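Participant: I have a structure I would like to understand better, so I am pasting it below and will then ask my questions one at a time.
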Amino acid sequence: MALNSGSPPAIGPYYENHGYQPENPYPAQPTVVPTVYEVHPAQYYPSPVPQYAPRVLTQASNPVVCTQPKSPSGTVCTSKTKKALCITLTLGTFLVGAALAAGLLWKFMGSKCSNSGIECDSSGTCINPSNWCDGVSHCPGGEDENRCVRLYGPNFILQVYSSQRKSWHPVCQDDWNENYGRAACRDMGYKNNFYSSQGIVDDSGSTSFMKLNTSAGNVDIYKKLYHSDACSSKAVVSLRCIACGVNLNSSRQSRIVGGESALPGAWPWQVSLHVQNVHVCGGSIITPEWIVTAAHCVEKPLNNPWHWTAFAGILRQSFMFYGAGYQVEKVISHPNYDSKTKNNDIALMKLQKPLTFNDLVKPVCLPNPGMMLQPEQLCWISGWGATEEKGKTSEVLNAAKVLLIETQRCNSRYVYDNLITPAMICAGFLQGNVDSCQGDSGGPLVTSKNNIWWLIGDTSWGSGCAKAYRPGVYGNVMVFTDWIYRQMRADG
């Protein structure tokens with residue numbers, strides 16, 4: 001976690017670290033012909049450094065001045081022939097630009113379906129919304145029948161999709177009990193032993209509900225529900241599928257400013273991910289079994305789970321040599337991750353043995369649909385990354401306060417010049433001074449809402465550390481929650 005831009009070291013290689021990877025802890029290797037970003041691992045051992053291409057800004061940061069001379073009349077095209085040619089060229093340029101924009105939009109948004117269709121992830125087939133959650137599988141992978149339940153907003157309102165209305169509706173409290181709550185959480189991908197509690201939220205303003213049919217028999221929870229315009233209790237169900245987003249010392253968080261050492265229990269979801277006893281990346285606990293990290297951390301050869309050990313609840317790296325780590329059983333990288341652009345930079349790790357939760361080890365909440373992020377929203381980053389550019393991994397866990405930066409501003413030519421996709425979030429300060437850095441990759445970007453901490457980003461990339469107009473870039477977890485739940489369901 002960098003407090004400011006460090007100076008280049010007096011000796012050794014100096015290079016722009018665009019992915020926040022840690023320094024290579026292995027001894028120097030025989031001299032080879034260098035390439036700018038290539039990492040040469042020690043013989044017989046996998047490199048603990050995530051290997052990937054750096055982000056390169058495509059334009060200079062200074063404005064480009066057009067020096068084309070104009071005619072005395074103030075226009076370039078004077079004759080009829082020239083005017084016709086200019087119009088043709090202008091129209092052609094516009095059409096080409098529109099086609100490129102459409103192609104980029106399709107690429108980054110990742111769906112080929114129109115507004116009237118929903119895409120099957122397994123095949124790319126477009127399904128009519130009326131066929132989604134109708135009790136019949138239309139997608140080859142069956143995802144149209146297992147993505148019918150969700151939690152909405154910061155109050156965890158339980159919603160179920162209605163194929164009749166082609167929209168999501170809250171579940172009426174009438175006849176509801178804990179058993180149904182556990183079943184709904186299980187449908188999302190949580191295990192029964194994760195279940196926390198259910199609540200009731202006054203939602204008398206709603207005019208459309210999903211109500212329980214108690215005589216429906218032993219079927220999936222969404223098949224027990226039917227659409228109704230009335231709810232006798234005038235209350236809807238709120239579910240906590242796991243006790244998440246709670247930390248210690250919440251009243252003392254203002255003391256952790258600008259990258260200071262973290263307090264015990266302040267960031268209990270933070271894990272240190274090691275390869276061969278060396279910290280490589282960070283991660284965030286979302287259940288006793290699942291860790292969220294960055295896809296660039298687990299590029300080959302580090303996609304093999306046996307390389308990885310996770311440490312939770314320990315603030316100092318030196319103490320991890322004496323503590324028991326948790327071996328990783330499975331590594332799942334997002335299938336659409338692009339190692340060049342860092343688009344869809346998210347991955348999951350499943351642990352061989354579940355974590356035991358306590359005051360120092362707790363999960364962070366995944367964001368729910370309906371949660372809106374605001375420009376300059378207060379967030380926090382944490383990790384064992386370097387405290388200055390080109391520095392070494394920190395001994396202690398650090399945390400720092402950052403602000404969200406709106407995508408339009410972050411995509412300006414003076415910042416990242418259209419490198420930011422909908423699957424990314426910018427956070428930090430345009431003046432620099434506070435940022436993620438080498439070794440922070442995969443770690444959390446969190447924000448507090450309703451006294452609950454939410455994971456809204458995973459540390460992805462940047463241009464150097466804490467440089468002006470080069471804020472940190474994070475994977476947009478709000479885009480990936482459906483994918484995360486799908487992996488949890490498939491492995492449940």
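Glycine residues also receive a Cβ, built from the backbone N, Cα and C atoms like all the rest.
I grabbed these lines from Swiss-Prot:
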type	residues	note
TRANSMEM	85-105	transmembrane segment
DOMAIN	118-148	domain 'LDL-receptor class A'
BINDING	Asn131, Asp134, Val136, Asp144, Glu145	Ca(2+) binding site
DOMAIN	149-242	domain 'SRCR'
CARBOHYD	Asn213	N-linked glycosylation site
CARBOHYD	Asn249	N-linked glycosylation site
DOMAIN	256-492	domain 'Peptidase S1'
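Any idea what these are sitting next to in the structure?
Facilitator: Remote same-chain partners of the domain 'LDL-receptor class A' (118-148), defined as residues 6 or more beyond its termini with a Cβ less than 8 Å from a stretch Cβ, comprise 111-112, 160-164, 166, 187, 220, 222-223, 482, 485-486, 489.
Every protein chain considered, the tally of other Cβ atoms within 10 Å of the Cβ of Glu145 (Ca(2+) binding site) stands at 19.
Regional average pLDDT for the domain 'SRCR' (149-242) in the model is 89.
Asn213 (N-linked glycosylation site) has a Cβ environment of 13 other Cβ atoms inside 10 Å.
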Participant: Among Asp134, Asp144, the binding-site residues in question, whose Cβ has the most other Cβ atoms within 10 Å in this structure?
Facilitator: Asp144
Participant: Which residues, sitting 6 or more apart from Asn131 (Ca(2+) binding site) on the same chain, put a CB under 8 Å from its CB?
Facilitator: His138, Asp144, Ser163
Participant: Helix, strand, coil residue numbers for the domain 'SRCR' (149-242) per DSSP?
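Facilitator: In the domain 'SRCR' (149-242), the DSSP-based counts are 18 helix, 36 strand, 40 coil.
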Participant: What three-state class does DSSP give Glu145 (Ca(2+) binding site)?
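Facilitator: Its secondary structure by DSSP: helix.
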Participant: Excluding Asn131, Asp134, Val136, Asp144, Glu145, which residues of the same chain place their Cβ within 8 Å of the centroid of the Cβ atoms of the recorded Ca(2+) site?
Facilitator: Ile127, Trp132, Cys133, Gly135, Ser137, His138, Cys139, Ser163
Participant: In whole Å, note down how far the CA of Asp134 (Ca(2+) binding site) lies from the CA of Asn213 (N-linked glycosylation site).
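Facilitator: It is 16 Å, counting Cα to Cα.
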